[in-house]
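A.B. asks: This is the structure I want to talk about, given as structure tokens.
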Amino acid sequence: GGRMDYQKKKKLTFFTIGLIFLLSGIEYAVILPTIWRYLQTLGAEPYFLGLGLSAFSLTGLLSGPLFGHWSDRTRRTKAIILFANLFEIAGNIMYFMGYSKWLLLSSRLVAGIGTGAGASIFGYLTRSTLPEDRATVFAAVMACRQAGLLIGPAFNLFLRLCDFHLGPFIVNKYTSPGLFMCFLWVLLQLVVLFLYWDIPPQGASQPQGDAEKEEEKLLVPPVTPEPSYGSVGPGVPSSVGVAHNHVLPNGTVSPPSPPPSPPPSTLTNPFHRFSASKEYLREEVVVLLTAQFITLFNQTALETMVTPLTQKYFNFGELENSIMYCLCGVEVIAGFFFVRWLSRRFTDRVVLAVGLIISNVSCVWCLIFLANPQGGLPWQLTEFVIGVFLQVLGLPFVAVSQVSLFSKVTAEKTQGFSQGLRRSVGGLATILGPLWAGGLTGNLYIMLGVMMALLLMLTVMMVFSYDQLVEPTVIINHTDVQEDCG
């Protein structure tokens, strides 16, 4: 019956979401190895590589909050995904055409807009999963992107053999990634059309007619302060008298904010009575956004630095780097599955703390051994491998726990916009990290020192805000609910 349909639709929709993230990983990994040589064939200067890679993140940084806000208003993600994918398709066609370095730069700007749909998807996942399942779902989605990063280089093996004409266009190892990705995104459009449903979270019917029923349900159970609002049903409309309350450290509960009376406008505009400063300048939100920025900044800076390092000390070529890249990818995927397992047993903030500890150890290790390698070649190689292993190990812990926690400390009705904001902060870090590290590969002490300082700052923030890094408790204020019903 209906229940089965619901579960089946949900499974297929989650499968499609996994595919979307898989493709975003593949695109990055397929284009990255050849974009520099491609730009050179078009007579581009070295700084153009930085521009080309940053362009992709830049437009995604702007489109994410926009698409997220659009999905908050409509509670529909399917149309947004189909719309966003059109930019991916157009961008990849432009990339395939080549023609000039400017068209190539524009192609990355256009394709980047498509990545903004990720914000809407994270908003959708937040709305359709219970808080206690969130970390596991987010971990799976992130593992899909990581899997894409892993499979990408394998596609490159056959793409570089391409050498033919398609009408006026040349298909070679530089242009073929664009054509290939365009083909994959078109296929994905079909998958989204047929296998993706905007299913409302179960238990939460559409807000309008059923708000009263929900309110009656709420009047029945005794009020217990402990359970998260997941226990009420994941999508209870905001018009019900449910307020986010912060339990203050001394044990008192701050008074609940009076619930807004629900005129029709609140149903269409989630930003009704929304205050950005109240929502995003809270201590716990600032800590999580800082965590997002610093960890991504450090990660992309290290990624940028690894290739010149391996070349300088170990004479690694493309093959060795690919193998190392592959092993790291396997490690990250294993890490995500381990974190999924952990998240069922520990709270998000514990997982985040473990990730930060690992990252600090890794940074100290790199400062000691990478900045000035000791011993003969086998020792240096071992030191390097351990450094990379530790760096990669901390990633899944921090990544999963901070998205999961962020989805719990921010309001559900503006979740798409909030996730867009979070992804923009990350996008900014992935633009700045490589630009900054690229200029400092010859001066590792400064580079690693600054990374260490940033990490220590984040760790101190985390220690002081540890009590705040929990899901807000919910108090149901009966009197307000009755007024609303009347």
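Each residue, glycine too, has its Cβ placed from N, Cα and C.
Note that TrEMBL annotation is computational and uncurated.
Annotation source TrEMBL lists transmembrane segment at 12-35, 47-67, 79-97, 103-125, 137-158, 178-197, 285-302, 322-343, 350-371, 377-400, 421-438, 444-464. Taken from TrEMBL, the feature domain 'Major facilitator superfamily (MFS) profile' applies to 13-467.
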A.B. asks: Near the transmembrane segment (322-343), which same-chain residues lie under 8 Å Cβ to Cβ, leaving out any that are not at least 6 residues past its ends?
C.D. replies: 135-136, 139-140, 142-143, 146-147, 149-150, 153, 306, 310, 316, 351, 354, 388-389, 392-393, 395-397, 400-401, 404
A.B. asks: If you average per-residue pLDDT over the domain 'Major facilitator superfamily (MFS) profile' (13-467), what number do you get?
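C.D. replies: That region's mean pLDDT is 82.
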A.B. asks: Other than its close neighbours in sequence, what residues sit by the transmembrane segment (350-371), given a CB gap under 8 Å and a spacing of at least six beyond its ends?
C.D. replies: 135, 291, 295, 298, 302, 309, 339, 342-343, 383-384, 386-387, 390-391, 393-402, 405, 444-445, 448-449, 451-452, 455-456, 458-459, 462, 466, 469
A.B. asks: Could you name the stretch, out of 12-35, 47-67, 285-302, 421-438, with the greatest number of CB pairs under 8 A to the transmembrane segment (137-158)?
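C.D. replies: Between the stretches 12-35, 47-67, 285-302, 421-438, 12-35 has the largest tally.
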A.B. asks: Hey, which of 12-35, 47-67, 285-302, 421-438, 444-464 has the most Cβ-Cβ pairs under 8 Å against the transmembrane segment (103-125)?
C.D. replies: 47-67
A.B. asks: Between the transmembrane segment (285-302) and the transmembrane segment (47-67), are there three or more CB pairs that fall under 8 A, provided the residues in each pair are separated by 6 or more in sequence?
C.D. replies: no
